[in-house]
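Engineer: Once you've had a glance at the structure underneath, I'll fire off some questions.
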Amino acid sequence: MIPIAGTPVLTAAEMRAAEDAAIAAGTSVDTLMQRAGAGVADAVRRLAGVNDVLILCGPGNNGGDGYVAAARLHAAGRSVRVAASGEPRTPAAIAARALWTGAVEPLATAAPAPVLVDALFGTGLSRALDAETGAALGRLARQANLTIAVDVPSGVATDDGTVFGEVPAFHVTLALGAAKPAHLLQPAAARCGTVRVIPIGIPTDSATQILARPDLTAPPVDAHKFTRGMVAVVRGRMAGAAQLAASAAMHAGAGYVTLLGATIPSAPHALVRRRLDAEALADPRIGALLIGPGLGRDDDACASLEQALATDHPLVVDGDALHLVTPERLCDRHAPLILTPHAGEFAALFGAPAGSKLAAARDAAVRAQATIVFKGPDTVIAAPDGHAIIAGEANSWLSTAGSGDVLAGAIAALLAGGRRALDAAAAGVWLHGEAARRLGPAFIADDLAVALAGARA
Ligand SMILES: NC(=O)C1=CN([C@@H]2O[C@H](COP(=O)(O)OP(=O)(O)OC[C@H]3O[C@@H](n4cnc5c(N)ncnc54)[C@H](OP(=O)(O)O)[C@@H]3O)[C@@H](O)[C@H]2O)[C@@H](O)CC1
Ligand SMILES: [K+]
């Protein structure tokens with residue numbers, strides 16, 4: 001069982017391709033199922049202690065994993081029962097079923113057990129569970145003290161994170177071979193509980209990774225304020241939003257932050273205020289320009305945005321500015337570009353996403369030739385070259401006014417510090433989440449911006 005941070009994410013088709021490649025290279029599907037079932041049995045043994053275990057087996061290879069795990073737990077002297085929705089249908093599952101010498105109870109009437117293992121459906125689920133199977137799963141999950149899903153909870157769609165009907169919230173999900181989008185994307189992710197990967201000995205390369213703690217080492221000894229990165233934030237109608245973003249950029253490690261469009265000084269004094277004009281925007285030391293927080297959507301906002309787009313600085317576009325551009329207007333810029341839309345801003349810019357948030361973010365990245373931070377309770381970061389990073393469940397206290405301004409400021413600081421756009425975006429999302437975790441409940445965005453400094457430590 002390994003934690004999932006930093007590990008690859010594979011869709012059902014990519015997982016099947018990895019499995020096919022392993023089979024072509026000489027590892028049988030039965031061997032893979034033995035490895036999967038052994039890993040599940042091992043994890044269940046550790047998690048369940050001496051409690052009785054009930055394993056639910058479905059008709060496909062997910063059920064096959066369940067039979068293998070049951071036989072291994074029995075051989076290890078554990079108290080284990082099996083209930084099934086029907087006979088296994090794949091050759092590997094039929095072979096695995098033959099290894100289980102105990103009774104197979106009908107699912108509908110199976111008695112509960114303190115530990116429930118769901119091996120009904122995995123990556124092959126193509127539609128909602130029938131009413132009887134869904135009801136039995138719900139009933140047995142409610143009556144268990146510990147619920148463990150094999151690969152994915154039965155009833156979640158592996159690739160897009162949607163759920164078919166009622167799916168119980170599991171305590172633990174044992175991802176076989178690699179994490180899948182459903183382990184990270186909502187609403188499915190909320191049904192998975194703690195996700196651990198059971199390695200099954202096949203290479204699982206992917207262009208999609210799970211967000212990991214970034215490298216946030218201190219500046220080198222010879223650093224000065226401009227080598228650490230200069231961020232310029234464009235102020236709009238709501239000065240507070242730009243000021244929050246600027247504060248976030250300072251606390252995320254930028255060496256020099258300037259607020260363009262503001263001339264009246266107020267705290268913090270480290271924030272440099274300048275007029276928004278051609279001279280200020282032409283400053284070659286600007287490592288990242290941020291526009292959008294509190295910008296407004298009036299003519300002045302449009303004019304400021306045009307000025308920002310006309311520069312060749314690395315650019316972060318957030319908030320209101322995302323309502324004032326089109327992907328076509330953005331895609332021919334040459335400097336690094338990061339867009340940070342929430343669902344509403346994403347829909348305004350790219351249209352309502354059809355299908356998976358991961359696929360939608362990837363398509364948007366290509367259309368705008370930008371790194372997209374499609375933020376929300378789950379955040380997908382996608383680059384135009386196809387690489388993507390998924391951040392799992394966010395701290396729900398981040399749903400506070402100004403939280404997005406802080407994220408944009410943090411990302412701008414990391415971009416100005418010289419990271420690639422995808423890395424800057426990922427590091428910003430990580431820092432933002434870590435700052436929230438450190439603050440505890442009901443913080444305000446001003447505190448969140450300050451807490452970025454501690455989160456870097
Ligand atoms: N990839 C790997 O490397 C490895 C994968 N392994 C394991 O294999 C799992 C994938 O196995 P799988 O493809 O057999 O699919 P699985 O989810 O068991 O069930 C699909 C079956 O159910 C059916 N069906 C679908 N929806 C239904 C519904 N609502 N209600 C009723 N029936 C429904 C569907 O048939 P259909 O009716 O759609 O034709 C099909 O018969 C994977 O999650 C992992 O656990 C490991 O063993 C080894 C290494
Ligand atoms: K399952």
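Here the Cβ of each residue, glycine as well, is placed from N, Cα and C on the backbone.
Note that TrEMBL annotation is computational and uncurated.
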Engineer: Given that TrEMBL annotates ASN62, ASP118 as binding K(+), state which candidate in SER28, SER154, SER206, SER247 belongs to that site as well.
Structural biologist: SER154
Engineer: For the AMP site that TrEMBL assigns to LYS375, GLY376, PRO377, ASP378, THR379, which of GLY351, GLY355, GLY402, GLY404 is also named?
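Structural biologist: Of the residues offered, the record points to GLY404.
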Engineer: As a check: which entries in SER126, SER154, PRO377, GLY404, the binding-site residues, place their Cβ less than 6 Å from an atom of ligand 1?
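Structural biologist: The qualifying binding-site residues are SER126.
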Engineer: Taking ASP118, ASP151, ASP378 as the binding-site residues to compare, which has the smallest set of other Cβ atoms within 10 Å?
Structural biologist: ASP378
Engineer: Helix, strand or coil by DSSP: which one applies to ASP118 (K(+) binding site)?
Structural biologist: strand
Engineer: Starting from the Cβ centroid of LYS375, GLY376, PRO377, ASP378, THR379, GLY404, which together make up the recorded AMP site, report each further residue of the same chain whose Cβ lies within 8 Å of that point, ordered by sequence.
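Structural biologist: Not counting the recorded site residues, we get HIS342, PHE374, ALA391, ALA394.
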Engineer: Do me a favour and check the Cα-Cα span between ASP118 (K(+) binding site) and THR379 (AMP binding site); whole Å is fine.
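Structural biologist: So the alpha carbons of ASP118 (K(+) binding site) and THR379 (AMP binding site) sit roughly 28 Å from each other.
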Engineer: Please report the DSSP secondary structure of THR123 ((6S)-NADPHX binding site), reduced to three states.
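Structural biologist: Coil, per DSSP.
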Engineer: When you measure from each Cβ to the nearest atom of ligand 2, which of the binding-site residues GLY64, ASP118, GLY376 fall under 6 angstroms?
Structural biologist: ASP118
Engineer: Can you grab the distance from GLY404 (AMP binding site) over to HIS342 ((6S)-NADPHX binding site)? Cα atoms, rounded to a whole Å.
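Structural biologist: Each residue's Cα considered, GLY404 (AMP binding site) and HIS342 ((6S)-NADPHX binding site) end up 9 Å apart.
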